[in-house]
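**Q** Residues or ranges marked as compositional bias 'Acidic residues' by TrEMBL: A:544-565. The compositional bias 'Basic and acidic residues' annotation in TrEMBL covers A:571-600, A:669-694. If you look up TrEMBL, you'll see A:695-710, A:724-737 marked as compositional bias 'Basic residues'. Summarising the annotation, TrEMBL assigns domain 'SDA1 N-terminal' to A:84-464. Annotated domain 'SDA1 middle' per TrEMBL: A:545-670, in sequence order. Annotation source TrEMBL lists domain 'SDA1 C-terminal' at A:688-735. Annotation comment: TrEMBL describes A:538-600, A:669-737 as region 'Disordered'.
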Amino acid sequence: MARRGRAAILPTNIILLQNLVKRDPESYHEEFLQQYAHYESLRDIFMLQGLAGSDNAGGAGDSNGSSGSGTSGSTSQLMELIGFVSQVCFCFPKETANFPNELKQLVLEHHKSLPFELKEKIISSLMMLRNKGVISAEQLIQTMFPLLIAYSSQGNALTVNSHARELRQMIYKNLISLLKSCNTGSKNQKLNRSTQAVCFNLLEQPDSQGIWAAKLTRELWRRGIWDDSRTVEIMTQATLHGDVKIAISGVMFFLDADKEREANFEDNSEDEDGFDLDALKHKMQVNKKTGRRGKKLETAIKTYKKKSNGSAQDNGFLNFSAIHLLRDPQGFAERLFNQHLSGKNNNRFDLDQKISLMQLISRMVGTHKLMVLGLYTYFLKYLTPKQRDVTKIMSACAQACHEMVPPENLQVMVRKIADEFVSDGVASEVAAAGLNTIKEICSRAPLAIDDTLLQDLTEYKTSKAKGVNMAAKSLVTLYREIAPEMLKKKDRGKTAAMGLQEAKREGKDLKSRRPQFGVETGNVEGIAGIELLAKWKNENGNGNEDDEANWEVDEEGASEEDVEGDWVTMDSDKEYDVDMSDSDKDSDLDLSDKEEETKLDPETAFRELASTRVLTPADFAKLNELRTEEGVAKLMGIKKNEELVDSTTLVGPVKYKQTREERIQKIVEGREGREKYGSRKGNRDKAHSTTNREKARKKNFVMMIHKRSVQGKQKMSLRDKQKVLRQHITKQKKKGH
Amino acid sequence: MPKTRKQKLKVKDFQKKKLKVGKDKPKASNATDTSFVSKTISIRNQHLGPETDLTKRIQLLKHHNSTVKKETLQAFQKMVPRIINTSIMTPLLNQCIPLICDDSRQVRSSLIELVDEIGLHDAQVLKLHCKVFVLYINMAMTHIMPSIQSSSTSFLKCLLKHCGDEICNQAFAKIMLGLFNVLGWGRSGKNLSANAAQNQKRNSKQTAEHLETLCELIRHGCTDKKNLQSDGNEEIPNYLPNQHLIPDCPQPYEHLKLFTKQLKNKQDVTSADSVVSGFSTQDVRARQLILKEQFLLDLLKHSESLTKEGGEPGKWANALKQLLDSTFQDV
């Protein structure tokens, strides 16, 4: 095509002009100014008509209606022009300096009278201006939040044609995407802080506007955009809010948000392997631990490795759960309990919400080892078998226990559970639930039960119902480890009984070995898993401590270094106390002492190792390896206090008799995708012509009867016949038929 | 072969019926009889009687078909003498005015005729709606369609004829800017816009019309008949007691914008044009001042070049020049 002058491509519509202006802003300056003037005049018309019409809405109903519909044409024009100007705004920053401001004013001050489409257009244009860097994200947020609040209040939502719901959704989505885009790469702390300040302000007001702050925070937490303690602080404030909806949204955040976040970042591939970790875990909890379960252990190792690999990948957010990031857990838990559960206001919440509150408080109490003593007596009211969702309440009960709670408080609760749930008159599921709960409580706080009650409860191990006797046995297993002397003599088991006899023979005080109130156990200080390293060092000698090679990160070399480390440089100021302990051990080979030696206290190990030498990368590599082993042990049933008590497992396995339909369904399920049983003789895998053998089989018998192969059989000697028969039998057996 | 009666009947169902010439096709066994008997049949007919309610006609101005719009406008034009003093005029004008920006030329020309008719009967009606007229004319002047742009001046001319003072009072500067835009005279002193450059060459007739309107506007805005007659007392602005008298114009403090709705602007960043359009143009002296300070140089330059080109536009450019000369000789 021949070249044409600029005037030849005169734009006759806005879109075309937009394209031209974007390509060559200077040449189309005049056109742009003209359209900008057009926009201004349209805006003025709109201000005059659209707004005036809505102000005296009652006065001139007829004229109002007609003008409202009459402006629809100009509204669409105005929308088009707003889109145009905001698209090319960045080309003419001087001329359009006022434009974003005007849009903001329009939508903030006159949003009641603007038609929905125009509002939508203005909001998306503002979003576009933010993306093009014309306005800052803070400015945009300052526009969005007031709108969001304005449209969630009742007054505006009810006016005709306001489309409050759609607008809210749009603004909310825009807010999320804005914060997401601002926080990709590195976190935009300034923006986050200002937005969080807005959220705090929202939550300080007594009305229900704060729900938006809670909703936004939860969504951003789920996406890993906000992950600091300020965020958690917002949710704390939400949880303590007077409004039921906001409070519950806060509670749900603390209960579910971390799971949600994990699920969000997890790939779905893990669902494919059908390894039921929970079932294995449960079996390991309940059954006696023997060496027989090698296979299961292997699979457990595999999954552990898989999981640790998965968590190693960087998700770009701090991987702390919300409960761990609380600034003042004790104060929060107390206020929550006093305000929402025990106070006068507790009638506002229905049962499900109360249960969620109980779960949250008890989870916090368990995790941070807090003291909320009123909680335990509060539970008493709900601990009856007929209470709805009682298993959830019971799991909350168990969750709230830890060893720092005075045993008197817990004993009341345990007694109540035992009285209400565990008796001969109740259904087996109820008894199993009660026993399991007591076991969970006791695994956290061993002193929560006294000897007589424990011995009573262990009697249920002879129960006919599977769930009940499993639960009772698990209780026995638990106390065999913690405090065997509290059990009846016959329940103590071999090792525990032997240990007790030993102690008695030596005249030690039995009481001193029992768990005592106020003594913290299982509190790891220092480097996690260092006791394993110390133990490993003890076992493998201590030759290679100062090897330079250890400083190089060489994971494969770790095993070889054991052999290589012949040469030892002995520093004069270093003490090698490991040798000393070795010599000690030689002197007395007592059984109990050996046990103590193998159970190295982490604290002493830390002191022993960390104070004498600097840990090398090789040490850390070994440490990791050892911790993997321990992790497996953890999978096999050793519990931490933070672990959740699953309310569904409390009841234990329940087996009902299946109906005929269920049985048949199960059978049919088994048949799915399998071939029919029976001979595959007639079936051909591939299409082929009849073999000679097949042909021979079909041959007329009369024709065959005089053949030697047939007659020969009859004339065979007895011994030959027997031989053939034997051959035939072995052949058939080898075939597998 | 079927033997029993039952068997024969069974076979009969599946045999094909023979069709014969001149005889009806046998009815299917499942045919339904749809005939019915009724005493009367009422058919709802279209109501074709003459429409008396004019408010219903107004709705037709929003019809998508341009012919319908044009015919409605013409019908209203015929009815103007009857309805000029009724309350229907406000909704009618409210609906009419947006048609300044209508796509169809016929609609616009018939709208001009209607406005003219109204102005002939009662100019006060137009005066009442002046503000809206100004806004829409302004919009038409910046419209992206060239035809709408060029026809905007004829609306302006028509209005100037009937209520020139009111328009000059309200938006003299704004309309001046709009006319500059239509004529394609860049005020920034830069290049002409591509649109205008093309228009000028092609359409001298339209340019002439624009120039005529411009002359009219300046004549209405900047020549004061009273002042011309009683010339000589230029000290009126300094004459203090005048402040305490009732002013001549209806809204002397309008430029303070106490009761108008407008978006707040940061004054320091606005461009020159929008400042100009915001000037108060209530009295003749102010308008003359604006014309002199903002537009005079450009006006003279462009009119001179047009005069040289000659033709119809040249004639009007000359007239414009003379008008400007006579106006500013007095001041």
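Positions of Cβ are set from backbone N, Cα and C atoms, glycine also.
Walk me through where these features lie, including what they touch and how far apart they are.
**A** Residue counts for the compositional bias 'Basic residues' (A:695-710) by DSSP state, with H, G and I taken as helix and E and B as strand, are 11 helix, 0 strand, 5 coil.
Outside the compositional bias 'Basic residues' (A:724-737) by six or more residues, the chain places 716 with a CB less than 8 A from a CB of the stretch.
Averaged across the domain 'SDA1 middle' (A:545-670), the predicted model reaches a pLDDT of 60.
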**Q** Mind checking how the compositional bias 'Basic residues' (A:724-737) divides into helix, strand and coil residues in DSSP?
**A** 12 helix, 0 strand, 2 coil
**Q** Counting each residue once, how many in the compositional bias 'Basic and acidic residues' (A:669-694) are helix, strand and coil under DSSP?
**A** 6 helix, 0 strand, 20 coil
